[in-house]
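One structure is given here, and the rest of the page talks about it.
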Amino acid sequence: MKPYQRQFIEFALSKQVLKFGEFTLKSGRKSPYFFNAGLFNTGRDLALLGRFYAEALVDSGIEFDLLFGPAYKGIPIATTTAVALAEHHDLDLPYCFNRKEAKDHGEGGNLVGSALQGRVMLVDDVITAGTAIRESMEIIQANGATLAGVLISLDRQERGRGEISAIQEVERDYNCKVISIITLKDLIAYLEEKPEMAEHLAAVKAYREEFGV
């Protein structure tokens, strides 16, 4: 685990974005942890979040020309990541996001920001079923651009309804790399460093045993 990944876990815990306990997911599964990126909801939170996304992007080595944030949660992520790349990595890159509803006046269309072209890095909070990615792929392809990769905050590394995860399905279906700031493996490594969190560690390991990929 790299320093920025440990810092991200501590940041998420401090904002209660990451919680340990017992939570029922939309899938009906009982999970020993929950991650709600919507709680990164202040100016400082967003500034820090962008720095973590930018760090993960640079760390990945994936080459891309433009950031794309799918509506709605991806919009502030794309924006703050673009700012962080410019301020902290001297990479001044364009960004773009979509509207859920196309405009029929003003500039029109369903895209806001830079022209959607070249190699596109899609940024979002998490991938649950991969629906947002599939919708975004239609937009990217319709504009003649290509998907360079996908960056999310957390990879839960768990199976979907089949034997592979939603993330592995996206990688397979679109022949792209999905990267994350942290993974379930990183969470477990973090918990292993904290004796006071032994109870949560046991629960998370048991969950991984049952649903992990």
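Any Cβ shown, glycine's included, is placed from N, Cα and C.
The Cβ of Thr131 (5-phospho-alpha-D-ribose 1-diphosphate binding site) lies under 8 Å from no Cβ of any same-chain residue at least six residues away in sequence. Taken residue by residue with DSSP, Thr131 (5-phospho-alpha-D-ribose 1-diphosphate binding site) is part of a helix. What Swiss-Prot lists as 5-phospho-alpha-D-ribose 1-diphosphate binding site is Lys26, 72-73, 99-100, Lys103, His105, 124-132.
What Swiss-Prot records for Phe34, Phe35, Thr128, Arg156 is orotate binding site.
Close to Ile127 (5-phospho-alpha-D-ribose 1-diphosphate binding site), meaning Cα to Cα within 10 A, are the following binding-site residues out of Phe34, Phe35, Arg156: Arg156. The shortest Cα-Cα distance from Thr128 (orotate binding site) to any of the binding-site residues (Lys26, Lys73, Lys100) is found for Lys26.
For the pair Lys100 (5-phospho-alpha-D-ribose 1-diphosphate binding site) and Phe35 (orotate binding site), the C-alpha distance works out to 24 angstrom.
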